[in-house]
């Protein structure tokens, strides 16, 4: 499979601004660091997936760092990133900085086992999927069924990555559940707290 070249991949900078030729984001990409620093939508997912594929094509064995500072976003966009993370050769080491909430939390815990971390003052939040229920009665029923399926699927995947039971994840995500980094370690969302670069 042909992978995109570095010049083809748009960068998303640390502050979340998208644009071609962002020199800071390009330098980070050169260090195999992908920044996810805003709401997760289709545009962000396409960029992150392209960057992951690019780096995997350049070196299929060397780790990729995914730094997450996101309050969440689209489930389908987040799942595109998740599936890409799981399908490429390199381990994806995830790092929470600032806030990793909702889909941001999900991607954080989906990093390679032993390589999921958080900065000391980051905040991590888990909750169930939500969505508007408008339209006809049939539309409401279909949307409600879809949300229920997504809730179960995410709970099963979080359980797989954390070692918690599906029932425990469902119960804990019924309302917004916030974790400190140490609490996130205890729950199995991350493996360590980073206090200094390289440690």
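Cβ coordinates are placed from backbone N, Cα and C, and glycine is handled just like the others.
Taking the Cβ of residue 102 (active site, nucleophile) as reference, residues of its chain lying under 8 Å away and at least six apart in sequence are, in sequence order, 71, 72, 73, 125, 126, 127. Among the features that TrEMBL reports, active site, nucleophile is placed at 102.
Residues or ranges marked as active site in TrEMBL: 127. Packing around residue 127 (active site) is summarised by its Cβ count: 18 other Cβ atoms lie within 10 angstroms of its Cβ, all protein chains included.
According to TrEMBL, the feature region 'Disordered' maps to 1-23.
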